[in-house]
Amino acid sequence: MNTENKEITSNWFTNLRDLLCKEFEKIEEKYAQIKGLKPAKFVRTSWKRNGGGCGIMSLMKGEVFEKVGVNISTVFGEFSQEFRSEILGAELDGKFFATGISVVAHLKSPLIPAMHFNTRYIETSKNWFGGGGDLTPFYPEENETAKFHTAFKEACDKYDSSYYPKFKKQCDEYFYLRHRKEPRGVGGIFYDYLNSGNFEQDFAFTKDIGKALLSVYPEIVRSKLFLPWTAEQKEYQLIRRGRYVEFNLLYDRGTKFGLMTDGNVEAILMSLPPVVKFN
């Protein structure tokens with residue numbers, strides 16, 4: 001396993017965490033200032049993994065972001081015997097290293113889309129990058145969806161013109177609730193097992209995906225910061241959030257990976273909305 005690669009990827013995810021938290025706090029500060037409220041701040045909680053590694057949860061509950069989490073982790077060790085066959089390159093000795101960032105935002109306003117994003121670097125006897133970002137609006141708007149997709153398409157096109165259509169398709173297929181026969185949101189991109197043979201290029205691409213999120217999602221939130229919404233719209237948001245819960249508990253690979261590697265349960269389930277209704 002390459003020590004330098006592990007260090008620089010882990011450092012980037014920490015840096016991206018800081019940039020995102022700063023941007024989200026600025027949005028809370030602006031809203032609080034105009035409304036005469038005390039702005040919310042991120043609260044950080046560190047955790048250690050028994051088998052090796054650690055992580056930091058950054059969680060904020062405010063007036064704009066009902067719940068937003070920005071988690072980073074770096075873990076290592078050996079996969080359990082039954083899990084090795086499910087992970088690329090882990091079949092022989094089960095050794096692994098994984099570092100990454102996971103971001104989930106649930107907004108108070110039902111007019112502002114929820115957002116999920118993660119990027120990661122994993123080493124076994126193989127090594128690869130994975131991740132992506134997707135948008136879940138409760139009241140979809142074509143221009144907003146196009147803006148989100150364009151940000152990721154531009155990042156993809158810098159490296160390979162085939163990336164965006166391929167990763168968009170993978171996102172649409174992945175974030176699909178098979179038992180309901182419906183998509184979770186309006187998509188984005190999703191990629192896994194990315195290893196072109198050029199580590200520097202794959203890492204640069206993964207960094208640009210993070211920068212794309214940083215450029216587009218805060219802009220979407222700000223554009224709807226002060227739009228009025230109704231109790232009926234809020235009720236609909238709470239019911240649709242149930243789909244988010246269903247997906248994360250039934251299908252999400254990150255949830256399964258975290259639980260199977262003895263990760264921090266609170267960090268793993270950070271993605272769940274704070275309030276949900278099931279009819």
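Including glycine, each Cβ sits where the backbone N, Cα and C put it.
Under the heading substrate binding site, Swiss-Prot lists SER102, ASN118, THR119, ARG120. Over all protein chains present, the Cβ of ARG120 (substrate binding site) has 20 other Cβ atoms lying within 10 Å. DSSP assigns ARG120 (substrate binding site) to a strand in the three-state reduction.
Annotation for HIS116 (divalent metal cation binding site): spatial neighbours VAL103, VAL104, ALA105, GLY133, ASP134, THR136, SER271, criterion Cβ-Cβ under 8 Å with sequence separation of six or more. Per Swiss-Prot, divalent metal cation binding site is recorded for HIS106, HIS116, HIS149, HIS179, and the stated evidence type is sequence analysis.
The annotation active site, proton donor is assigned in Swiss-Prot to HIS116.
Here the Cβ of HIS179 (divalent metal cation binding site) has 9 other Cβ atoms within 10 Å, regardless of which shown protein chain they belong to. Per Swiss-Prot, the feature site 'Important for dimerization' maps to HIS179.
Sequence annotations record features per position, and here Swiss-Prot assigns region 'Important for dimerization' to 244-279. Proximity of distant same-chain residues to the region 'Important for dimerization' (244-279), defined by a Cβ-Cβ separation under 8 Å and at least 6 residues beyond the stretch ends, is recorded for 45, 47, 49-51, 55, 57, 59, 61, 66-67, 69, 71, 73, 75, 77, 79-80, 83, 96, 98, 102, 104, 106, 114, 116, 118, 136, 174-175, 177-180, 184, 235, 238.
Looking only at Cα atoms, THR119 (substrate binding site) sits nearest to HIS149 among the binding-site residues HIS106, HIS149, HIS179. The binding-site residues in question are HIS106, HIS149, and the one with the fewest Cβ neighbours inside 10 Å is HIS149. Note: the region 'Important for dimerization' (244-279) comprises 22 helix, 0 strand, 14 coil (DSSP; helix = H, G, I, strand = E, B). Cα-Cα distance from ASN118 (substrate binding site) to HIS149 (divalent metal cation binding site): 16 Å (rounded to the nearest whole number).
Close to SER102 (substrate binding site) in the fold, though at least 6 residues off in sequence, lie GLY69, VAL70, ASN71, ILE72, SER73, PHE117, ASN118, GLY254, ALA267, MET270, SER271, each with a CB less than 8 Å from its CB.
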